[in-house]
Amino acid sequence: MSTIEPVFRIIPTTQNYDWGKKGSDSKVAEFASGAGIPGFSLNESAPYAELWMGTHVKSPSGVVDKEQNLAQILTMNPSLIGDRVSQRFDTTNGNLPFLFKVLAIGKALSIQTHPDKKTSEQLHAQQPKVYTDPNHKPEMALALTDFKALCGFMPIPRIAEYVKDVPEFNALIDPSTVTEFLNCTHSSELEQKAVLKKFFSELMTADVTKIATQLQTLVARYRSGGQKHAEEGIKDLVLTLNEQYPGDVGVFCAFMLNYVRMTPGQAIFLGAGEPHAYVQGDIMECMANSDNVIRAGLTPKPKDIPNLVSVLTYMASDWDKHMVKPVDVTPRTRKYDPPIPDFTVLQVHTPKGETESHEAIQGPSIAIATEGSGRVSWGGGDLDLQAGSVIFVGAETKIDITAGDSNLVVYRAYVAA
Ligand SMILES: [Zn+2]
């Protein structure tokens, strides 16, 4: 067995889902072009939705100059993951606890949620083809460009405003449930959750013909400028979603979920059971190593409304409750640390000609350069970086990130026990 350096170049994979941004407009395509993916050639008319960096069984990353993929290399070299992380997480078969991605969203992704660990195990056992692994999938989205998303239920009084003001929306719900919902603003949190669940489940299971008819009426009203004050902020979103997914019940989720417009550097975290849909923009995404998605709308893929309705937390709050506020570790390195142990992400801005040093981390990490050029060096060597270069850094390895003749931006995901 040949020895391997603690830092090496890995080859990410792309996913060409149809919601991806097309051609060179997509950050995924831009990075894939710089990542040295064998045989990759950019097609301007193809969608480039996701770039995966990690060991997930569906699409593990390769390793430059090795026959084995990243998971196989880590199985052969367990010290790269490190004892502390393998004691805390299931790292069997070289499995990293996290999966790091770039997403380029041209068209809204499905309304979805991710099950917790226990539910994931059950779903995977019952439907292994749909729920492909037994892991949970809390995720963090960090904006690379302006980014729009639907995220978590709005506070009840704000949903109630739409229930009152939008006849096409409340027509889909049983009148007694509408009354119950409008009267619940003073109830206990537990009762509010129960009413929200009932209301949401009636919406998601409403008759498809009725949904399509009400959407047509709603869209016609908006097009003729008939929106009420409360609808001003949401009108364009409704029209866009309906253009992308005509007649889909998910369009009505605009009246229940927070619509967030983020600027580069802002991040949100979505724990188990939080409903969300990414609408537009390019992001870094980090998640527990899983592909388990329960879909409810805005998708041609199979929906699973019963499981979706049953796993949601029904927490209703402003979107800032989902925000991850970064902390400056040094003037050049910001840390995004969501409230779960599975991953943390660093954003590193190194001005041209300068070096940022990262002390050794107890666990494994994956880093991608997103702007500029430079190099990464460690005790035993160095590697060039350009936009799209992806590297693996083994546990307990100190690295230096040096910018070349332009500012260098690197995102680094890691797990530490
Ligand atoms: Zn998601």
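In case you wondered, yes, glycine gets a Cβ from its N, Cα and C as well.
Predicted automatically and left uncurated, TrEMBL annotations should be read as such.
Worth saying up front: this structure is predicted, and the values here are computed from it rather than measured.
TrEMBL has this to say about the protein:
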DOMAIN    7-155  domain 'Phosphomannose isomerase type I catalytic'
BINDING   GLN112, HIS114, GLU139, HIS276  Zn(2+) binding site
DOMAIN    172-257  domain 'Phosphomannose isomerase type I helical insertion'
ACT_SITE  ARG295  active site
DOMAIN    336-379  domain 'Phosphomannose isomerase type I C-terminal'
Chain residues in Cβ proximity to the domain 'Phosphomannose isomerase type I C-terminal' (336-379) (below 8 Å; excluding those fewer than six residues from its ends, i.e. six or more beyond): 5-7, 10, 12, 27, 31, 34, 53-54, 74, 80-82, 84-85, 88-89, 96-98, 100, 102, 138, 140, 142, 144, 265, 267, 269, 271, 284, 286-289, 324, 326-327, 329-330, 385-417
Residue pair GLN112 (Zn(2+) binding site), the residue listed as 'active site' - Cα distance, angstrom, rounded: 4
Chain-internal residues, separated by at least six, CB under 8 A from HIS114 (Zn(2+) binding site): HIS136, LYS137, PRO138, GLU139, LEU270, ALA272, GLY273, MET287, SER290, ASN292, VAL293, ILE294
Per-state residue totals over the domain 'Phosphomannose isomerase type I C-terminal' (336-379) - DSSP helix, strand, coil: 0 helix, 25 strand, 19 coil
Residue distribution over DSSP helix, strand and coil in the domain 'Phosphomannose isomerase type I helical insertion' (172-257): 63 helix, 1 strand, 22 coil
Rounded distance in angstrom between the Cα atoms of HIS276 (Zn(2+) binding site) and the residue listed as 'active site': 10
Neighbours of GLN112, HIS114, GLU139, HIS276 excl. site residues, C-beta within 8 Å of centre, Zn(2+): THR113, LYS137, LEU270, GLU274, PRO275, VAL293
In the chain carrying the residue listed as 'active site', residues 6 or more apart in sequence that have Cβ under 8 angstroms from it: SER110, ILE111, GLN112, LYS301, PRO302, LYS303, ASP304, LEU308
All-chain count of other Cβ atoms within 10 Å of GLN112 (Zn(2+) binding site): 25
